[in-house]
Amino acid sequence: MASTRSPGGARTLLACASLLAAMGLGVPESAEPVGTQARPQPPGTELPAPPAHSPPEPTIAHAHSVDPRDAWMLFVKQSDKGINSKKRSRTKARRLKLGLPGPPGPPGPQGPPGPFIPSEVLLKEFQLLLKGAVRQRESTEHCTRDLTTPASGGPSRDPVTQELESQDQGAVLALLAATLAQSPRAPRVEAAFHCRLRRDVQVERRALHELGVYYLPEVEGAFRRGPGLNLTSGQYTAPVAGFYALAATLHVALTKQPRKGPPQPRDRLRLLICIQSLCQHNASLETVMGLENSSELFTISVNGVLYLQTGHYTSVFLDNASGSSLTVRGGSHFSAILLGL
């Protein structure tokens, strides 16, 4: 059966195989002249087959061939540059996502109130602050004394600190006042007094009476500092010019009940503290009290601030503008203190 095959069919199959091999090797079209096409071999002519052991001859197609994979990778790398860069795209996308700032939102709800701090806790914190201030002040004074006097004895606790730790809450405030009074920044009171009326004084009706004959009580809280007080005349002369706080309190007893009937406009008392005994011409402190609803024993007081020149005196006057006499009881007091210049 093999001998019956025609040699023309074999040659056709061999030509097709050669064409497929040429296409597999990537023979470019530019290797042939333009306009020429591969023509099949005419029948009857057979190309000699190359030996099997000989290596393939080099062709021009290998010098001009391009690997499809390398071309694709080069295209991918070049596509990430320029306008197609991923960094530029991300930045642009972020800018677009931010957009324009909108209006501020409404305020949030109010927070819960803070914790309630009882007064006991606040007082304890105040005590701690006071202890620190006292310790700092005492240590400063101790260092100052060490610079001027030799050291003596071993270290001992401050008496002010010991007293502070042993006192209760009420004593802490008293200690604070004492510390402020002892502080060099607290001004010293140069003039002050507190005196009382020695005996009862009779004041007739429709009369203006200047009170006198005082004494200095020997009780806790009584004070006298500086000159100027005349206990006999009841006049206090200002040792220096300045502002003085003055006060007077009288205990008054009616010796005779006022006449019956409707109260009269003149049935009243005036308590005054005058300068130079000129109550009408100079500034004075005054209190007015009606007698229509008063009892047999009552109290009338006056207080305020006057500016006194050096050498000017003040005194207490009682104006009995009523229809009956009265008595100012002993123990009524008169006081003054220099506030400042």
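Note: Cβ is positioned from N, Cα and C throughout, glycine not excepted.
These features come from Swiss-Prot:
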SIGNAL    1-24  signal peptide
REGION    30-65  region 'Disordered'
COMPBIAS  40-58  compositional bias 'Pro residues'
REGION    78-115  region 'Disordered'
COMPBIAS  84-97  compositional bias 'Basic residues'
MOD_RES   Pro101  hydroxyproline
COMPBIAS  101-115  compositional bias 'Pro residues'
MOD_RES   Pro103  hydroxyproline
MOD_RES   Pro104  hydroxyproline
MOD_RES   Pro106  hydroxyproline
MOD_RES   Pro107  hydroxyproline
MOD_RES   Pro109  hydroxyproline
REGION    137-165  region 'Disordered'
DOMAIN    186-341  domain 'C1q'
CARBOHYD  Asn230  N-linked glycosylation site
CARBOHYD  Asn282  N-linked glycosylation site
CARBOHYD  Asn293  N-linked glycosylation site
CARBOHYD  Asn320  N-linked glycosylation site
SITE      Asn320  site 'Required for correct protein folding in the endoplasmic reticulum'
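Secondary structure of the compositional bias 'Pro residues' (101-115), assigned with DSSP and counted as helix (H, G, I), strand (E, B) and coil, comes to 0 helix, 0 strand, 15 coil. Rounded to a whole value, the Cα-Cα separation of Pro106 (hydroxyproline) and Asn320 (N-linked glycosylation site) is 73 Å. Across the residues of the domain 'C1q' (186-341), the predicted structure has a mean pLDDT of 88. Separating the Cα atoms of Asn282 (N-linked glycosylation site) and Pro103 (hydroxyproline) is a whole-number distance of 70 Å.
The Cβ of Pro103 (hydroxyproline) has 5 neighbouring Cβ atoms from other residues within 10 Å, across all protein chains displayed. Asn230 (N-linked glycosylation site) falls within a strand segment according to DSSP. Rounded to the nearest whole angstrom, the C-alpha distance between Asn320 (N-linked glycosylation site) and Pro107 (hydroxyproline) is 71.
Under the three-state DSSP scheme, Asn293 (N-linked glycosylation site) falls in the coil class. Taking each Cβ in turn and tallying the other Cβ atoms within 10 Å, the top scorer among the glycosylation sites Asn230, Asn282, Asn293, Asn320 is Asn320.
Asn230 (N-linked glycosylation site) sits 36 Å from Asn293 (N-linked glycosylation site), taking the CA atoms of both as reference points. When Cα-Cα distances from Pro109 (hydroxyproline) are compared across the recorded positions Pro101, Pro103, Asn293, the shortest belongs to Pro103. Looking only at Cα atoms, Asn293 (N-linked glycosylation site) sits nearest to Pro107 among the modified residues Pro101, Pro103, Pro104, Pro107. Cβ-based neighbour count (10 Å, all protein chains) for Pro109 (hydroxyproline) stands at 6. DSSP assigns Asn282 (N-linked glycosylation site) to coil in the three-state reduction, placing it in neither a helix nor a strand.
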